[in-house]
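A.B. asks: Just lifted these from Swiss-Prot, have a look:
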| type | residues | note |
| --- | --- | --- |
| BINDING | 10, 11, 12, 13, 14, 15, 127, 136, 137, 199 | ATP binding site |
| BINDING | 31, 36, 57, 58, 59, 85, 86, 87, 88, 92, 160, 171 | AMP binding site |
| REGION | 30-59 | region 'NMP' |
| REGION | 126-163 | region 'LID' |
(Lines of atoms letter the chains of each structure in order from A; the text may use other names.)
(Lines give C-alpha, C1' and ligand atoms only; values in the text may rest on other atoms or scores of the structure.)
Protein backbone atom coordinates (compact mmCIF):
# COMPACT_ATOMS: atom_id res chain seq x y z
CA UNK A 1 0.00 0.00 0.00
CA UNK A 2 1.81 3.10 -1.27
CA UNK A 3 0.10 6.23 0.02
CA UNK A 4 0.44 10.00 0.21
CA UNK A 5 -1.43 11.84 3.00
CA UNK A 6 -2.40 15.46 2.41
CA UNK A 7 -4.36 18.02 4.43
CA UNK A 8 -4.08 21.57 5.71
CA UNK A 9 -2.79 22.30 9.25
CA UNK A 10 -5.47 21.29 11.76
CA UNK A 11 -7.02 18.66 9.48
CA UNK A 12 -5.94 15.83 11.79
CA UNK A 13 -3.30 14.25 9.57
CA UNK A 14 -1.12 13.13 12.48
CA UNK A 15 -3.94 11.19 14.16
CA UNK A 16 -4.96 9.44 10.94
CA UNK A 17 -1.35 8.70 9.93
CA UNK A 18 -0.78 6.94 13.25
CA UNK A 19 -3.88 4.78 12.76
CA UNK A 20 -2.93 3.88 9.17
CA UNK A 21 0.65 2.83 9.94
CA UNK A 22 -0.46 0.79 12.96
CA UNK A 23 -3.17 -1.06 11.03
CA UNK A 24 -1.34 -1.58 7.75
CA UNK A 25 2.20 -2.08 9.04
CA UNK A 26 3.77 0.50 6.74
CA UNK A 27 6.23 3.24 7.77
CA UNK A 28 5.06 6.84 8.25
CA UNK A 29 7.60 8.88 6.32
CA UNK A 30 7.67 12.62 6.91
CA UNK A 31 10.12 15.00 5.27
CA UNK A 32 11.43 16.16 8.66
CA UNK A 33 12.08 12.59 9.84
CA UNK A 34 13.87 11.77 6.59
CA UNK A 35 16.15 14.78 6.88
CA UNK A 36 16.92 14.07 10.54
CA UNK A 37 17.74 10.40 9.83
CA UNK A 38 19.93 11.24 6.82
CA UNK A 39 21.82 13.88 8.83
CA UNK A 40 22.20 11.59 11.85
CA UNK A 41 23.55 8.78 9.63
CA UNK A 42 25.81 11.32 7.89
CA UNK A 43 24.90 10.11 4.42
CA UNK A 44 26.29 12.19 1.58
CA UNK A 45 22.86 13.69 0.92
CA UNK A 46 22.24 14.14 4.65
CA UNK A 47 25.42 16.20 4.99
CA UNK A 48 24.41 18.28 1.96
CA UNK A 49 20.97 18.91 3.48
CA UNK A 50 22.58 19.87 6.81
CA UNK A 51 24.77 22.48 5.12
CA UNK A 52 21.69 24.20 3.65
CA UNK A 53 19.64 23.94 6.85
CA UNK A 54 22.52 25.28 8.99
CA UNK A 55 22.83 28.24 6.63
CA UNK A 56 19.09 28.92 6.97
CA UNK A 57 18.44 28.06 3.32
CA UNK A 58 15.80 25.84 1.76
CA UNK A 59 17.09 22.38 0.84
CA UNK A 60 17.16 22.15 -3.00
CA UNK A 61 14.83 19.70 -4.72
CA UNK A 62 17.65 17.50 -6.01
CA UNK A 63 18.84 16.83 -2.43
CA UNK A 64 15.32 16.31 -1.05
CA UNK A 65 14.42 13.96 -3.91
CA UNK A 66 17.65 12.01 -3.42
CA UNK A 67 16.87 11.56 0.29
CA UNK A 68 13.32 10.42 -0.54
CA UNK A 69 14.68 7.85 -3.00
CA UNK A 70 17.13 6.52 -0.39
CA UNK A 71 14.34 6.25 2.18
CA UNK A 72 11.87 4.51 -0.14
CA UNK A 73 14.60 2.01 -1.10
CA UNK A 74 14.89 0.76 2.50
CA UNK A 75 13.59 -2.69 3.46
CA UNK A 76 10.72 -1.44 5.63
CA UNK A 77 9.10 0.13 2.53
CA UNK A 78 8.91 -3.19 0.70
CA UNK A 79 5.19 -3.57 1.50
CA UNK A 80 4.36 0.10 1.22
CA UNK A 81 4.71 3.51 2.85
CA UNK A 82 2.77 6.57 3.95
CA UNK A 83 4.38 9.78 2.68
CA UNK A 84 3.54 12.94 4.64
CA UNK A 85 4.88 16.38 3.68
CA UNK A 86 6.24 15.22 0.32
CA UNK A 87 5.73 16.05 -2.47
CA UNK A 88 5.08 19.77 -2.00
CA UNK A 89 5.37 20.87 -5.64
CA UNK A 90 4.47 19.49 -9.08
CA UNK A 91 8.20 19.10 -9.83
CA UNK A 92 8.57 16.93 -6.71
CA UNK A 93 5.44 14.94 -7.62
CA UNK A 94 6.86 14.22 -11.08
CA UNK A 95 10.22 13.26 -9.54
CA UNK A 96 8.40 10.91 -7.15
CA UNK A 97 6.80 9.14 -10.11
CA UNK A 98 10.29 8.56 -11.51
CA UNK A 99 11.58 7.27 -8.16
CA UNK A 100 8.68 4.83 -7.79
CA UNK A 101 9.04 3.65 -11.38
CA UNK A 102 12.77 2.96 -10.83
CA UNK A 103 11.85 0.92 -7.72
CA UNK A 104 9.12 -1.01 -9.55
CA UNK A 105 6.39 0.63 -7.45
CA UNK A 106 3.43 2.89 -8.07
CA UNK A 107 1.10 4.95 -5.91
CA UNK A 108 -2.16 3.42 -4.72
CA UNK A 109 -3.95 6.45 -3.30
CA UNK A 110 -3.42 10.11 -2.43
CA UNK A 111 -5.63 10.88 0.58
CA UNK A 112 -6.62 14.51 1.11
CA UNK A 113 -8.33 15.22 4.44
CA UNK A 114 -10.62 18.13 3.60
CA UNK A 115 -11.91 20.39 6.38
CA UNK A 116 -13.73 23.74 5.96
CA UNK A 117 -11.43 26.72 6.55
CA UNK A 118 -13.59 28.15 9.37
CA UNK A 119 -13.36 24.87 11.28
CA UNK A 120 -9.58 24.77 10.81
CA UNK A 121 -9.44 28.32 12.18
CA UNK A 122 -11.48 27.22 15.22
CA UNK A 123 -9.28 24.18 15.82
CA UNK A 124 -6.00 26.08 15.47
CA UNK A 125 -6.85 29.38 17.19
CA UNK A 126 -8.59 27.75 20.18
CA UNK A 127 -5.41 26.38 21.70
CA UNK A 128 -4.30 27.83 25.05
CA UNK A 129 -1.23 26.95 27.08
CA UNK A 130 -0.01 27.45 30.64
CA UNK A 131 3.37 29.25 30.59
CA UNK A 132 4.34 27.60 33.90
CA UNK A 133 3.23 23.97 33.49
CA UNK A 134 3.27 23.74 29.68
CA UNK A 135 -0.13 22.00 29.76
CA UNK A 136 -2.16 22.62 26.60
CA UNK A 137 -5.92 23.18 26.43
CA UNK A 138 -8.49 23.98 23.77
CA UNK A 139 -11.32 26.39 24.53
CA UNK A 140 -13.84 24.19 22.64
CA UNK A 141 -12.49 20.64 22.61
CA UNK A 142 -10.48 20.45 25.84
CA UNK A 143 -11.34 23.45 28.06
CA UNK A 144 -9.87 24.00 31.54
CA UNK A 145 -12.16 23.56 34.57
CA UNK A 146 -12.01 27.31 35.23
CA UNK A 147 -12.05 29.49 32.13
CA UNK A 148 -8.62 30.95 31.35
CA UNK A 149 -6.88 29.15 34.24
CA UNK A 150 -4.59 26.11 34.30
CA UNK A 151 -6.10 23.09 36.11
CA UNK A 152 -2.73 22.28 37.69
CA UNK A 153 -1.53 25.56 39.21
CA UNK A 154 -4.21 28.14 38.37
CA UNK A 155 -1.84 30.16 36.16
CA UNK A 156 -3.33 32.39 33.45
CA UNK A 157 -3.48 30.60 30.11
CA UNK A 158 -1.97 32.34 27.10
CA UNK A 159 -2.40 32.12 23.35
CA UNK A 160 0.89 31.56 21.54
CA UNK A 161 1.71 33.90 18.66
CA UNK A 162 1.57 30.90 16.29
CA UNK A 163 -2.06 30.32 17.29
CA UNK A 164 -3.28 33.90 16.81
CA UNK A 165 -5.94 34.32 14.09
CA UNK A 166 -3.88 36.48 11.72
CA UNK A 167 -0.93 34.03 11.87
CA UNK A 168 -3.15 30.96 11.44
CA UNK A 169 -5.06 32.57 8.55
CA UNK A 170 -1.80 33.36 6.76
CA UNK A 171 -0.44 29.84 7.35
CA UNK A 172 -3.61 28.26 5.96
CA UNK A 173 -3.55 30.52 2.90
CA UNK A 174 0.10 29.66 2.16
CA UNK A 175 -0.55 25.94 2.59
CA UNK A 176 -3.70 26.02 0.46
CA UNK A 177 -1.93 27.87 -2.34
CA UNK A 178 0.87 25.29 -2.22
CA UNK A 179 -1.34 22.19 -2.15
CA UNK A 180 -4.02 23.19 -4.71
CA UNK A 181 -1.84 22.42 -7.78
CA UNK A 182 -0.90 19.03 -6.25
CA UNK A 183 -4.55 18.17 -5.62
CA UNK A 184 -5.34 19.00 -9.26
CA UNK A 185 -2.29 16.99 -10.44
CA UNK A 186 -3.28 13.84 -8.56
CA UNK A 187 -6.97 14.23 -9.37
CA UNK A 188 -6.14 14.32 -13.09
CA UNK A 189 -4.14 11.10 -12.69
CA UNK A 190 -6.94 9.33 -10.81
CA UNK A 191 -5.03 8.91 -7.53
CA UNK A 192 -6.83 11.50 -5.41
CA UNK A 193 -9.30 10.41 -2.74
CA UNK A 194 -11.10 13.17 -0.84
CA UNK A 195 -11.78 12.39 2.84
CA UNK A 196 -14.34 14.43 4.81
CA UNK A 197 -12.35 15.62 7.83
CA UNK A 198 -15.37 17.44 9.32
CA UNK A 199 -16.32 14.37 11.39
CA UNK A 200 -15.08 12.72 14.57
CA UNK A 201 -11.69 11.07 14.11
CA UNK A 202 -13.01 7.49 14.23
CA UNK A 203 -15.53 8.20 11.46
CA UNK A 204 -12.80 9.85 9.39
CA UNK A 205 -10.65 6.75 9.82
CA UNK A 206 -13.55 4.44 8.91
CA UNK A 207 -13.88 6.40 5.65
CA UNK A 208 -10.13 6.06 5.03
CA UNK A 209 -10.26 2.29 5.61
CA UNK A 210 -13.14 2.00 3.13
CA UNK A 211 -11.03 3.84 0.53
CA UNK A 212 -7.98 1.67 1.21
CA UNK A 213 -10.03 -1.49 0.73
CA UNK A 214 -10.76 -0.46 -2.88
CA UNK A 215 -8.47 -1.23 -5.77
CA UNK A 216 -7.52 1.79 -7.86
CA UNK A 217 -9.27 1.76 -11.22
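Just so you know, glycine gets a Cβ as well, placed from its N, Cα and C.
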A.B. asks: How many Å separate the two farthest-apart Cα atoms among the ATP-binding residues 10, 11, 12, 13, 14, 15, 127, 136, 137, 199?
C.D. replies: 22
A.B. asks: By a Cβ-Cβ criterion of under 8 Å, what residues six or more beyond either terminus of the region 'NMP' (30-59) are in contact with it?
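C.D. replies: For the region 'NMP' (30-59), the nonlocal Cβ contacts are 66-68, 70-71, 84-86, 88.
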A.B. asks: Closest to residue 86 (AMP binding site): which of the binding-site residues 10, 127, 137, going by Cα position?
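C.D. replies: In terms of Cα distance, residue 86 (AMP binding site) lies closest to 10.
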A.B. asks: Could you tell me which of these binding-site residues, 57, 127, has the fewest other Cβ atoms within 10 Å of its Cβ?
C.D. replies: 57
A.B. asks: Expressed to the nearest Å, what is the distance separating residue 57 (AMP binding site) and residue 12 (ATP binding site) at their Cα atoms?
C.D. replies: 29
A.B. asks: Please find, for 31, 36, 57, 58, 59, 85, 86, 87, 88, 92, 160, 171 as listed binding AMP, the greatest distance between any two Cα atoms, in Å.
C.D. replies: 33
A.B. asks: Could you put numbers on the helix, strand and coil content of the region 'NMP' (30-59), residue by residue per DSSP?
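C.D. replies: Secondary-structure composition of the region 'NMP' (30-59): 21 helix, 1 strand, 8 coil.
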A.B. asks: Rank the binding-site residues 10, 12, 14 by how many other Cβ atoms lie within 10 Å of each Cβ and give me the one with the fewest.
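C.D. replies: Among the binding-site residues 10, 12, 14, the lowest count of other Cβ atoms within 10 Å belongs to 14.
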A.B. asks: Return the residues near residue 88 (AMP binding site), defined as same-chain residues 6+ apart in sequence whose C-beta is under 8 angstroms from its C-beta, sorted by sequence, else 'none'.
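C.D. replies: Long-range Cβ contacts: 31, 178, 182.
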